[in-house]
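Accompanying notes for the structure given below.
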Amino acid sequence: MLTDNQKDILKRSNLNLKHLSEEKLLAIASRAVDEAKLNDEELLEFIEIANALYRGGEALISDAEYDFTFIAELKRRHPKHSFVTRVEPESVFAGKTVELPVRMLSTDKAYSQSEIESWAKRIQKAADELNIAFDSLVFKVTPKLDGYAAYDDGERFYTRGDGRKGTDITRVFERGLQVADNGSRGLGAGEIVVGKTYFQRYLSEFFDNTRNFQASVIKEKDLEQHAEQAIKDQAAVFFPFAKLPAWQGSWTELAERFDEIVKQIWHAVDYDVDGVILEITDERIKTHMGATRHHHRWQIAYKENVATAEVKILQVVPQTSRSGRITPVVEVEPIRLSGALLQRATAHHYKMVVDKGIGPGAVIKLARSGEVIPKIEEVITPAEPDLPEQCPSCGSELVWDGDFLYCTNNFDCPAQVSHSIEHFFRVLGNNDGFGPATIAKLYDNDIRTIDKIYQLNASDFEAMGFGPKQSQNLVDQLQRSLSEPIEDWRFLAAFGVFRMGLGNCEKLLAHYRLPEIFSLSEEEIVALEGFAEKTADIVLKGLKKIEPLFNQLYRLGFVLNETKTKEMPAGQSPIAGKSLVFTGTMQQGSREDMIREAKAMGAKVGSAVSGKTDYLVIGEKVGATKLNAAEKHGVRILSEAEYLDLIGR
Ligand SMILES: NC(=O)c1ccc[n+]([C@@H]2O[C@H](COP(=O)([O-])OP(=O)(O)OC[C@H]3O[C@@H](n4cnc5c(N)ncnc54)[C@H](O)[C@@H]3O)[C@@H](O)[C@H]2O)c1
Ligand SMILES: [Zn+2]
């Protein structure tokens with residue numbers, strides 16, 4: 001049974017059990033029902049409820065189960081779902097909902113030093129792009145408080161809410177809450193926490209856990225007497241991140257003394273801590289790297305991985321992918337890890353297989369970090385690897401390109417051809433029947449391109465050995481794929497151009513219409529959000545390659561829903577035709593992103609203020625030159641918030 005407190009939280013969050021019964025909810029929580037057996041609605045309802053209960057201080061399951069079992073399953077089914085890509089909402093507190101002064105995001109997470117190293121590489125790239133010496137950068141490590149995120153602007157106090165809008169809980173300060181360490185008000189983001197030792201001694205009798213206690217401090221209009229006392233005793237405080245004990249130093253030192261530094265910072269405070277936060281301190285890098293809707297790219301949380309296991313490798317099987325890359329699939333002795341049965345692991349490429357000795361008999365440490373197929377964390381006992389000499393599909397010679405082995409057969413490697421066809425029908429998503437077995441049979445009958453498939457009629461299928469019923473069904477399904485409407489970006493993504501997954505196709509088609517994308521220049525692609533120079537080059541080459549097939553299929557008359565274009569019609573955009581200059585550090589995203597958006601809305605964006613400038617948009621830490629110039633020319637100055645208001649965001 002759910003407790004009364006839990007029921008109360010669900011009621012306040014406006015969550016009802018629609019797809020699950022209470023019994024099933026609890027059965028899932030106790031893992032008596034496997035997550036894979038849930039349909040999408042049930043899985044999502046379970047996650048929503050777990051999240052609300054967690055935020056309300058009455059968690060139903062452990063964090064590890066939440067992250068590695070349920071969110072991992074959701075991520076596998078719907079990688080773009082808002083629970084994966086945005087800040088998870090919290091909505092259980094009494095008080096007025098208000099816009100937050102700055103956006104409060106979640107954090108990106110890493111569970112191994114190698115993931116931290118990849119993050120540092122992204123910082124290095126940003127430093128290179130800005131001509132800043134990477135070695136001169138200061139990294140900062142602080143404890144990751146496991147309390148309640150809140151923001152103190154000096155006057156008002158807010159919960160994190162959904163990251164954009166929080167709840168005004170200024171009353172908590174009015175009730176006597178202090179800032180940790182005799183700190184002053186107005187230090188920005190932090191967490192409401194309670195001392196561990198104090199909790200054990202005075203509060204554990206009345207509250208299940210610290211989270212439960214912290215939630216009660218925020219949630220209740222009338223404080224419980226022990227909570228009131230804890231505030232008086234300054235055991236429960238607001239701890240601004242700016243006041244946290246920190247390690248600071250260069251990347252070289254951090255990488256060298258990683259374990260030691262993490263351990264020291266992890267234990268630097270007497271509060272519940274669920275990791276450490278690593279971030280870069282240089283404002284230029286922060287602005288340059290910006291943020292996703294979920295986290296700042298210049299910050300990352302390092303958490304301990306609870307789900308690791310040591311297993312023996314049975315064999316490493318080469319598989320040829322759609323692009324001809326040979327992927328090593330590592331098969332291991334089956335093992336259960338945080339609830340799931342694992343039988344295989346990913347090694348990124350054959351270079352890694354060779355370097356690390358990933359061969360039959362080797363013992364490896366697996367970590368399940370949010371992905372369904374676990375990563376190889378460490379090779380404990382290496383073994384001689386088996387390197388494939390030929391493509392496992394067509395027997396052609398293999399060549400190395402960088403870290404990867406490739407099949408040299410670009411025309412009729414069965415694996416490449418079949419995977420491309422399969423990919424096409426799967427991504428379209430408006431048909432059934434073209435799975436691996438069907439496609440293999442077509443391949444054997446010399447039907448090896450998608451346009452040829454669309455020319456087949458029922459008797460052609462029958463002649464290839466498909467039964468009469470299946471043959472008719474295949475023809476019906478082809479017809480259905482042509483007449484059932486799909487988004488144009490989905491259609492484009494089905495061609496499997498390297499780097500043009502669903503997301504990038506949608507971005508591209510928000511600016512250009514379908515056939516015209518084939519005549520775009522590299523500059524035009526680079527100008528779009530998310531397309532760097534290197535990507536643009538690869539995308540152009542990829543588009544060239546599919547153009548003939550695309551034209552043939554496009555002519556068949558698929559029913560495509562056009563993506564809504566980003567450009568607003570002039571007159572409707574409040575900044576169309578206006579001349580803008582952006583300066584300073586922006587809080588709501590990177591300056592580059594804002595500039596791109598402004599351009600897409602029809603504004604001209606310059607770098608210097610002149611008599612022609614309409615608006616100067618200022619972030620934080622603005623130099624005097626631009627401000628003086630604006631004053632001199634009578635240019636209207638807008639704060640970041642005023643600007644976002646103006647464009648209606
Ligand atoms: N058990 C459950 O049922 C359940 C349900 C939902 C979420 N969760 C847990 O919550 C996590 C997601 O929560 P989240 O979005 O708060 O993300 P998160 O765990 O990544 O934490 C992000 C937050 O860390 C805080 N933070 C703490 N110390 C900090 C420091 N030193 N510097 C900067 N920021 C610091 C910030 O307030 C920031 O908002 C999940 O990974 C999961 O483990 C558990
Ligand atoms: Zn091949």
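Just so you know, glycine gets a Cβ as well, placed from its N, Cα and C.
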Out of Lys303, Lys312, Lys351, which one does TrEMBL list together with Asp63, Ala64, Glu65, Tyr66, Asp67, Ser106, Thr107, Arg160, Glu191 for NAD(+)? Lys303
Could you give the number of helix, strand and coil residues in the domain 'BRCT' (570-649) as assigned by DSSP? 27 helix, 18 strand, 35 coil
Cβ atoms within 10 Å, counted per site: which of Cys391, Cys394, Cys413 has the most, among these binding-site residues? Cys391
Please tell me which one of the recorded positions listed here (Lys144, Cys391, Cys394, Cys413) sits closest to Glu191 (NAD(+) binding site), measuring Cα to Cα? Lys144
Given the binding-site residues Asp63, Glu65, Asp67, Glu191, which one has the fewest other C-beta atoms within 10 angstroms of its C-beta? Asp63
What is the Cβ neighbour count of Thr107 (NAD(+) binding site) at a 10 Å cut-off, with all protein chains included? 19
Lys144 (active site, N6-AMP-lysine intermediate) versus binding-site residues Asp63, Asp67, Thr107, Cys391, Cys413 - nearest by Cα: Thr107
Near ligand 1, which of the binding-site residues Glu65, Cys391, Cys394, Cys413 have CB less than 6 Å from any of its atoms? none
Out of Lys144, Cys391, Cys394, Cys413, which recorded positions have CB atoms lying under 6 Å from ligand 2? Cys391, Cys394, Cys413
